[in-house]
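Copied from Swiss-Prot, the annotated features are:
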DOMAIN    56-219  domain 'BUB1 N-terminal'
MOTIF     105-112  motif 'Nuclear localization signal'
REGION    146-179  region 'Necessary for interaction with KNL1'
REGION    206-256  region 'Disordered'
MOTIF     217-225  motif 'D-box'
MOD_RES   243  N6-acetyllysine
REGION    272-327  region 'Disordered'
MOD_RES   360  phosphoserine
REGION    361-381  region 'Disordered'
MOD_RES   428  phosphoserine
REGION    496-552  region 'Disordered'
MOD_RES   535  phosphoserine
MOD_RES   659  phosphoserine
MOD_RES   665  phosphoserine
MOD_RES   686  phosphoserine
DOMAIN    756-1040  domain 'Protein kinase'
BINDING   762, 763, 764, 765, 766, 767, 768, 769, 770, 784  ATP binding site
MOD_RES   781  phosphothreonine
MOD_RES   998  phosphothreonine
MOD_RES   1033  phosphoserine
MOD_RES   1050  phosphoserine
């Protein structure tokens, strides 16, 4: 037996061992809490309960909010659940009394259901609950709540005063107590119970009259008082007590007794004495069929003498005559008593109170009065009290327990410490937000600058230069400028004489002399370059360098051609020049926007050692880079980075290789073909090696940034391959062929059945929606065909089903092809929310409340599973059968809307949350709204999506908000809406979630929305859905689209 008990305890069924000690609650108990409370019988569990109780006591004393009733309500509910056995440990009576005494002066709680619940709990502890309800009615507490009249009527019904109970119900209905439908329902149930009892009573009386049965002794009979005016315990008499006193208890007389007409009927009186019984009429002597059974044998036996002495006044029971008393005879001897003997002292026997505390008598003065009287006396005492306490008495005796001054000081210190830490965290969070805003602003400026530069580079025109001599490179005569930015290039010397000294060679020759001077580095002198350029060139045309000439950009192919035609001597001279490292310059300083210098010259492109000279590189140089494969990689990474909307800052790659005066180079140095020479100076090779290292590091950073993008196709594909094998699921199938062409009227094989495409419903960027029907059925089903071979929707559905278990019933199947996939859902006769917006004249207040309520519950489940949807738009939501079949009550109110597109969803359990929220489609729709910068979590994007959808349904336009200094509010006014208070609370709550958990926010909003679903609401809702179903049903939409030339819709 002991082993079985231990096994039950191990299995978590401790409550099975102590069912009889658990006090039942009308609203039931939480099973997990009950098992935990019963398992915490040890000292550790008891200590944990005491700590939680201490926390509630502290919260009551130091509560600074505007709803103190909430703390008491949570404290009492926690006590009920964690002390299932009741008793002195729970101290429920004192707890309820202190709560009522503390809140009795708050008139705002008089019609609060929580405050009325406290009074009802107090009524269960009172001697006369009816007096308490009369007192509540006189004070106006709970008179507008249905629960007040229901509980009051139940007390009268328990006392079988059905008339008064019915009067109480009628009074509540006349006052229209809320909720009125619940009160009326309880009244009807009460009337049915009374009617049933009346019919049963009539039937029992008829049965007793027709078939009188011998009464039986009742066991465990009730001793509860009955009656309306006088309370008297019922007297149940059975067996021989109901017969006439003259009859025998053993056998009945065979001969009936004659009834004398002039003889009075005597009634048995149990309170009459023995003398009065002799006056009763004696029965007529009749012959006995059998000897009677003696009634009192102990009185018929002759008692024997116990002693020869009888006390005076005693007489034998069988002799009514008086007997003379015999005087007592004293003994004729005297017992001997020793003189030295002492009387033995008896030790008093005292029972241990810990053992026999149940049977100990109650001490005088321990009798406690009625709780209602104590509450009333406390209220009168508070009204009459005029003393002023000079210490914090309210904090010492606020709760049930008592706090010392040291404990109060400690709690005050902890509270201040907590506030200081929260302020520090808030300050640090604000600083992070400001830094993030600055970074985003810098990114936007950089992107704008790059866009302008790309436009200028894309529109740049290139002209072919005429060559007079195939061995020479000439300068184009026509000026070419675009958007006010001068075009730059690397210039080759015009002289065919290999011994002619170019300006760049002059600079290089002067550099050894400059090393010995006091100057730290030499500066390029343009005038000197112009003087040297005036020397005549042999074998070529004279070039006037007094004035700088316009330049032209050579294409890569042209440069390669000219390099082949130039003589080897000229190439050798040119390869001795060290090309400028633009990558080293760009990555060697932080991102600072620099204005291009229009007075720059192409000669600076060859002066690599002149670090103080400003250089400006144009973006078109990427198009003529020496390494086309590296260029494609860089462009690909740039595209991925733009897709992720996240710019990587290369501040960690700061390399101090040049002088302090460093500016961004705009020269097209990559266009020069002479940098490919294999013979170069050692410094040139070292710089080239360092540039290659920097390019590799930058490429790795760009790749990591692309992988971190949650919407990157390659990243999603790698994630699906590493996490799970989709082919192992029965709902997933793979076809090793291209995706079939989806056209209206054609058949497509989906799983074991063939479907016929009826109509194209919606066309989006990367997927399309079709209405299809099985070949053997006319029921329309919606499928989603995507051009991406990544079944991300199916993955999200699997994760939701895995993490939510039975709380998620959305089923879908997927078929993957080589170049796409198709997902079809198990819903029939459904349409998107986009169709509903196109028929806004049928959208009523009830339909909007139903849709938003469904959306709140769905998104709450997504966030519990750590998944962000990111695209809560009309095109991604479908309306289920609850809309088209409003009288089908099998489907609940929270099954009307479902999500069918998870293209923008992010699984935060396996994906990093360090990304820009602007990648969500909801953020793209609300672009320009300042509230987006206030999102501290990806989950908040879904809250804004719900708010935008509600705004779209109510005002027919997207969300517009503003900051009033304290809260985010709508630009539109909700005062003209039906149930404007509900919508005002909804938008204020969902727009100002701040750092709170979105799961709790969504749960609270769903509960508040669900409170509107009463009988009247359902009546209006079903009427509106019936009208709407005729318009947006799939059959009606197919008919309308067949009449239109377009057919498919465009996304919202």
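Every residue gets a Cβ built from N, Cα and C, even glycine.
What Swiss-Prot annotates, mapped onto the structure for a quick look.
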residue : record           : Cβ within 10 Å
428     : phosphoserine    : 10
762     : ATP binding site : 23
764     : ATP binding site : 17
766     : ATP binding site : 11
768     : ATP binding site : 16
770     : ATP binding site : 24
781     : phosphothreonine : 21
998     : phosphothreonine : 22
Nearest of the recorded positions (762, 764, 766, 781, 998) to residue 428 (phosphoserine) - Cα to Cα: 998
Pairwise Cα distance for residue 770 (ATP binding site)/residue 781 (phosphothreonine) [Å, integer]: 8
Distance [Cα-Cα, Å, rounded] between residue 781 (phosphothreonine) and residue 762 (ATP binding site): 14
Tertiary contacts of the motif 'Nuclear localization signal' (105-112) (same chain, 6+ residues out, Cβ under 8 Å): 68-69, 139-145, 382
DSSP-derived structure type at residue 762 (ATP binding site), helix or strand or else coil: strand
For the region 'Necessary for interaction with KNL1' (146-179), the number of residues DSSP places in helix, strand and coil: 26 helix, 1 strand, 7 coil
Secondary structure content, the motif 'Nuclear localization signal' (105-112) (per DSSP, counts of residues): 3 helix, 0 strand, 5 coil
Where residue 998 (phosphothreonine) sits in the secondary structure, as DSSP reduces it to three classes: helix
Mean of pLDDT values spanning the motif 'D-box' (217-225): 60
Rounded Cα-Cα span from residue 998 (phosphothreonine) to residue 768 (ATP binding site), Å: 31
Pairwise CA distance, residue 998 (phosphothreonine) versus residue 764 (ATP binding site), rounded so that it is a whole Å: 29
Diameter of the ATP binding set by C-alpha atoms, the set being 762, 763, 764, 765, 766, 767, 768, 769, 770, 784, in angstrom: 15
